[in-house]
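S.K.: Quick one: the structure is below, questions incoming.
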Amino acid sequence: MANVTLVTGFLLMGFSNIQKLRILYGVLFLLIYLAALMSNLLIITLITLDVKLQTPMYFFLKNLSFLDVFLVSVPIPKFIVNNLTHNNSISILGCAFQLLLMTSFSAGEIFILTAMSYDRYVAICCPLNYEVIMNTGVCVLMASVSWAIGGLFGTAYTAGTFSMPFCGSSVIPQFFCDVPSLLRISCSETLMVIYAGIGVGACLSISCFICIVISYIYIFSTVLKIPTTKGQSKAFSTCFPHLTVFTVFIITAYFVYLKPPSNSPSVIDRLLSVIYTVMPPVFNPVTYSLRNNDMKCALIRLLQKTYGQEAYFI
């Protein structure tokens, strides 16, 4: 170890070293980032301002939108600036901060999605007691615990990762700091701390997954007992968006954080990282709003308040 030079900063490789392509990637990701930002902020605004959306389901959806905004805002602006300024460097502190926020918000999303599945379970399987069970205090507590556990996990995960020394190459073959890339340049002889963190993350994800699966088993068995097709369709329409969002998020998160690191990162690794960081914030608003009449009506009401009756013709 005496002749090993310790790393004092990192270089984020990104997707290309060609100047024109870097600018193209920067502009493309800027447009995607703005789309994710505006769509999620619109959902937050509608749920906050519209009285008819003051329900547990939309309360959790607003929390999910906040997490999406924060999650996409951690790596993408830095990537855009790097491409437009041709500067790939990031300090160790900046890398640690990026990893802390991304793991915290990602873990928070998993727990919020789990809380949303429980909300759907109570709404469909226990409709008469829904308002009693899912009261304001319970909803706030579930959301607070989700954010808190996410923050604690992110802190522990990041502390474990940066307790290791880094030496040799300072190049991170990604557009943001992720654990698999950092493991490749670690010169620590033991990785028990970080693998313990990965194990805890896997256990938390699997626990949430099991809770959601159990919730949907009860939900589907209840929905199939509804005598009318219209009633079944309405019940399923509130569940499928959540199930789709969770499936996409948990699969991409697994491939980014929990898969064993390879010696040579592939294009697929970077593509999965893009899907994981960009797809949920862009995909979630579309999934939850495209066939959601409540959200459409709330948007019309907001436009009417802002522009008058002409909003009917927009």
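Keep in mind that glycine also has a Cβ here, set from the backbone N, Cα and C atoms.
According to Swiss-Prot, the protein carries these features:
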type	residues	note
DISULFID	CYS95-CYS177	disulfide bond
CARBOHYD	ASN3	N-linked glycosylation site
CARBOHYD	ASN83	N-linked glycosylation site
TOPO_DOM	1-26	topological domain 'Extracellular'
TOPO_DOM	48-55	topological domain 'Cytoplasmic'
TOPO_DOM	77-91	topological domain 'Extracellular'
TOPO_DOM	113-136	topological domain 'Cytoplasmic'
TOPO_DOM	158-193	topological domain 'Extracellular'
TOPO_DOM	215-237	topological domain 'Cytoplasmic'
TOPO_DOM	259-267	topological domain 'Extracellular'
TOPO_DOM	291-314	topological domain 'Cytoplasmic'
TRANSMEM	27-47	transmembrane segment
TRANSMEM	56-76	transmembrane segment
TRANSMEM	92-112	transmembrane segment
TRANSMEM	137-157	transmembrane segment
TRANSMEM	194-214	transmembrane segment
TRANSMEM	238-258	transmembrane segment
TRANSMEM	268-290	transmembrane segment
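Describe the structural context of each listed feature in the structure shown, including burial, neighbouring residues and relevant distances.
M.R.: In the three-state DSSP assignment, the secondary structure recorded for CYS177 (disulfide bond) is coil.
Long-range Cβ proximity for ASN83 (N-linked glycosylation site), meaning a same-chain Cβ under 8 A and a gap of 6 or more residues, is found for GLY14, ARG22, ILE23, TYR25, GLY26, PHE29. A helical conformation is recorded for ASN83 (N-linked glycosylation site) in the three-state DSSP classification.
The helix, strand and coil residue counts that DSSP assigns across the topological domain 'Cytoplasmic' (48-55) are 5 helix, 0 strand, 3 coil.
In this model, the topological domain 'Extracellular' (77-91) carries an average pLDDT of 86.
The residues of the topological domain 'Cytoplasmic' (113-136), classed with DSSP into helix (H, G, I), strand (E, B) and coil, number 21 helix, 0 strand, 3 coil.
For the transmembrane segment (27-47), the list of distant contacts is 53-54, 58-59, 61-62, 65-66, 68-69, 72-73, 76-77, 79-80, 83, 278, 281-282, 284-286, 288-289, 295, 298-299, 302: same-chain residues at least six beyond its ends, Cβ to Cβ under 8 Å.
Residues of the same chain lying 6 or more positions beyond the ends of the transmembrane segment (56-76) and with a Cβ under 8 Å from any Cβ of it are 29, 32-33, 36-37, 40-41, 43-44, 47-48, 98, 101-102, 105-106, 108-109, 112-113, 115-116, 119-120, 123, 134, 139, 142-143, 146-147, 175-176, 238, 245, 277-278, 280-282, 284-285, 288, 294.
Cβ atoms under 8 Å from those of the transmembrane segment (137-157) belong to residues 56, 59-60, 63, 99-112, 114-115, 118-119, 179, 197, 200-201, 204 of the same chain, restricted to positions at least 6 beyond its ends.
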S.K.: Under an 8 Å Cβ to Cβ limit, what residues of the same chain, 6 or more beyond the ends of the transmembrane segment (238-258), are close to it?
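M.R.: Distant contacts of the transmembrane segment (238-258): 57, 64, 103, 106, 109-110, 113, 116-117, 120, 123-124, 178-180, 198, 201-202, 205, 208-209, 212, 216, 219, 223, 269, 272-273, 275-276, 279-280, 283-284, 287-288, 291-292.
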S.K.: The topological domain 'Cytoplasmic' (48-55): which same-chain residues, six or more beyond its ends, come within Cβ distance under 8 Å?
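M.R.: Contacts with the topological domain 'Cytoplasmic' (48-55): 62, 294-295, 297-298, 301-302.
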S.K.: If one looks at the chain holding CYS95 (disulfide bond), which residues at least 6 apart in sequence have a CB under 8 angstroms from its CB?
M.R.: PHE10, ILE172, CYS177, LEU182
